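These come from TrEMBL:
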- 77-101: transmembrane segment (TRANSMEM)
- 113-133: transmembrane segment (TRANSMEM)
- 155-312: domain 'Palmitoyltransferase DHHC' (DOMAIN)
- 278-300: transmembrane segment (TRANSMEM)
Amino acid sequence: MRSWRWFLSRVMRLFLRWFRLCPRRGRRKRPSRLRDLWNYWRVLLKSLYYNVLTNSDTALDCVFEPIYWLVDNMTRWFGVVFVSLVIVLTSSVVIIVYLCVLPIIFSTYPVHWILWHLCYGHWNLLMLVYHYYKATTTYPGFPPQEKTDIPTVTLCKKCIVPKPARTHHCSICSRCILKMDHHCPWLNNCVGHFNHRYFFSFCLFMTMACIYCSISAKDMFLDAYNAIESGRYWDGHSQGEAVPGAGLIYISFSHQSSYQTPPPAFTRQERMVHKSLVYLWVLTSSVAVALGGLTLWHAMLISRGETSVERHINRKERKRLRLKGKVFRNPYHRGKINNWKIFFGVEKQSDWLTRVLLPSGHLPHGDGLTWDCPSHRNNTMAI
């Protein structure tokens, strides 16, 4: 026979079950089937793209992803066009120098200046052509695709292979590049560990060559420009046309034509020489300014032991650590002089002549996979 406690518990269970099933006043109705489906599909849709780390920068990257894809593919295909443009423009300058500038130098300059122009000009041209050829044909360096014992710092999201320190993925080449600096369309090649020296040397010697041509041909440019302008003026007056900016001279010519002496008539070949000298000076001066700024920028990065990619990464890291009261220390910075020695591969004093001032195909310092100052060492310091 059951006790009264069992009956009491049974009654309480029935009461609670009845209270739970009875609808309350003012209680909201259960959501309909349509609302359940809507909530389910909304959660399912958000699960496809929602990320707790998503922010405005990620959203903008997603929006501009088609533009990035277009730029990458255009750069890949137009690299051949840019390389051809460099070859054509450089060849045109060299031809003008041989056909127009050197004859003037031989006829008007003393012997020691003629020897200077011949020696320096041909040395600069040799260094320029050699380093451009090596920069375009040398592979920048790729990490191994198979599993190895080489220490890595992260995993490439595109290649799905481990990345060693200072290695970054190039979206144009679709490969990871050792010590990647950037992808240069003028080389149609990535600038990495094995051709970084060739790229910088090409920029340096191209800037030096443009400055040399701009300074050497300055007086020739002024004479050619004045000859072209005077020829345009007298040609306009011979046809009775007004030349802008020469109204006073035009009046003097109209009423006192007997006192005006026209300039000597230039032959077709002389006019072509004048236009070529103007083209030479304008082109070399423009390239000297533009490429000179790029060369100084890369020289600053080399002095700091950074690449173009690491410059942006380190700048963000400095800001982040500054808020925590710490100072960022670049683990690959060895001092300005040592950075330049490592970059050029200088091991002794004579290497500055044989490896920097003369064409040299020596390999860079290290293999690009491991570094003497790995990134996992402590690179911060409390203030």
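Glycine residues also receive a Cβ, built from the backbone N, Cα and C atoms like all the rest.
Averaged across the domain 'Palmitoyltransferase DHHC' (155-312), the predicted model reaches a pLDDT of 82. Within its own chain, the transmembrane segment (77-101) is flanked in space by residues 121, 125, 128, 132, 136, 185-189, 213, 216-217, 220, 273, 276-277, 279-280, 283-284, which lie at least six positions past its ends and keep a Cβ under 8 Å from the stretch.
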